[in-house]
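Asks: Got these off Swiss-Prot a minute ago, pasting:
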type: BINDING; residues: CYS47, THR49, HIS69, CYS177; note: Zn(2+) 1 binding site
type: BINDING; residues: THR49, 202-207, ASP226, LYS231, THR272, 295-297, PHE322, ARG372; note: NAD(+) binding site
type: BINDING; residues: THR49, HIS69; note: alcohol binding site
type: BINDING; residues: CYS99, CYS102, CYS105, CYS113; note: Zn(2+) 2 binding site
Amino acid sequence: MATAGKVIKCRAAVTWEAGKPLSIEEVEVAPPQAMEVRIKILYTALCHTDVYFWEAKGQTPVFPRILGHEAGGIVESVGEGVTDVAPGDHVLPVFTGECKECAHCKSEESNMCDLLRINVDRGVMIGDGKSRFTISGQPIFHFVGTSTFSEYTVIHVGCLAKINPEAPLDKVCILSCGISTGLGATLNVAKPAKGSTVAIFGLGAVGLAAMEGARLAGASRIIGVDINPAKYEQAKKFGCTEFVNPKDHDKPVQEVLIELTNGGVDRSVECTGNVNAMISAFECVHDGWGVAVLVGVPHKDDQFKTHPMNFLSEKTLKGTFFGNYKPRTDLPNVVEMYMKKELELEKFITHSVPFSEINTAFDLMLKGESLRCIMRMED
């Protein structure tokens, strides 16, 4: 492309300080260096993780910063050494990567790349420790290696999934984070058998994606657990057959679920990050074969406490990161699940706004009114 090797000026939504409205600015985006790719973003979605780091209540604030990590785009140019993608390819940026060289990448069991796994504090490129974004010479920091709230962004090639160019980017862009995390937690880690009983704790976007996984696996009973009763109606679209609100009972919810299911559920997936919900999700699975999978991120001081007999009675507890998907290897196959009409993505997309109205997307999520809001880069 004519822009290859040159600085590109474009619009980006910049977070200058915690909790303040994002500002649409003209930024300069430098060309990609070795093993980097410059992407033209066409659609980006808002994930709760973006809101969390925008609020910056519990972590080191890194500002000014360009947030955003769920997106779909087209390769504009590539840096030295990049052979996996070429200009014109359709890609999904991912907040974690796959170098294909480390022990994790070579293991069939892991997706936690030594080189490129998520780093929320790093605001620069891994190659030279510098930002590719500037405004009037001032560096603007990156976010989890993606920074998709910009018309152009620079990403390490290991954090890009090359996908079917026929796939609609305004739909499959949501597979770059939360939806794949929940879906994979069920399909790749919990692995419920057809006809089994599955409990999903927390019915936000990730929990509903885990529920979608249970539906695809053929579970016969899918029990949604949430303290907001309004979530049940929406959850039915994702296969939810029953709903339990812990607040409606005067005993621990794990006891309620054990009674409901004649001894416990076959599989549970916990998507809240609340440590008590994690304990409940583990203790509610059936002895002998039950498996609980933890997805939600806990507070740093949380302690998981349960009696060791729960393990000796052959209940299994697992954790997962990004649904155990390797970004480059596996995400293209998840896109194909959508293309084959197995995986339904439209029901996750509740809102769509032009990029210039990005603060509206934040407002919708803060009010709990949206699952996924898609932002169109071209107003």
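Note that Cβ sites are derived from N, Cα and C of the backbone, with glycine treated the same way.
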Asks: My understanding is the cutoff is Cβ-Cβ under 8 Å with a sequence separation of 6 or more in the same chain; which residues meet that for CYS105 (Zn(2+) 2 binding site)?
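Replies: Residues satisfying the criterion: GLU98, CYS99, CYS113, ASP114, LYS326.
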Asks: CA-CA, which of the binding-site residues LEU203, ALA205, GLY207, VAL295 lies nearest CYS102 (Zn(2+) 2 binding site)?
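Replies: Its closest listed neighbour, by Cα, is VAL295.
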Asks: Check the DSSP secondary structure of ARG372 (NAD(+) binding site), expressed as helix, strand or coil.
Replies: strand
Asks: Going by Cα-Cα distance, which of the binding-site residues (LEU203, GLY207, LYS231, ARG372) sits nearest to CYS47 (Zn(2+) 1 binding site)?
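Replies: Minimum Cα distance from CYS47 (Zn(2+) 1 binding site) across LEU203, GLY207, LYS231, ARG372 lands on ARG372.
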Asks: Please determine which of the binding-site residues listed here (CYS177, VAL297) has the lowest count of neighbouring CB atoms within 10 Å.
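Replies: Least crowded of the binding-site residues CYS177, VAL297, by Cβ count within 10 Å, is VAL297.
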Asks: Taking 10 A as the limit, how many CB atoms besides its own sit near the CB of GLY207 (NAD(+) binding site)?
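Replies: Counting Cβ neighbours of GLY207 (NAD(+) binding site) within 10 Å gives 28.
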Asks: I'd like to know which of these binding-site residues, CYS99, CYS102, LEU203, VAL295, is least surrounded, judged by other CB atoms within 10 A.
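Replies: With the binding-site residues CYS99, CYS102, LEU203, VAL295, fewest surrounding Cβ atoms within 10 Å: CYS102.
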Asks: At the Cα level, what's the spacing in Å between ARG372 (NAD(+) binding site) and CYS177 (Zn(2+) 1 binding site), rounded?
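Replies: Approximately 11 Å lies between the Cα of ARG372 (NAD(+) binding site) and that of CYS177 (Zn(2+) 1 binding site).
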Asks: What is the interatomic distance between the Cα atoms of VAL295 (NAD(+) binding site) and HIS69 (Zn(2+) 1 binding site), given in whole Å?
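Replies: Approximately 18 Å lies between the Cα of VAL295 (NAD(+) binding site) and that of HIS69 (Zn(2+) 1 binding site).
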Asks: Have a look around THR49 (Zn(2+) 1 binding site) and count the other CB atoms within 10 A of its CB, chains all included.
Replies: 19
Asks: Hey, for the Zn(2+) 1 site built from CYS47, THR49, HIS69, CYS177, who else sits with CB inside 8 A of the CB center?
Replies: HIS48, ASP50, GLU70, PHE95, VAL144, SER176, GLY178
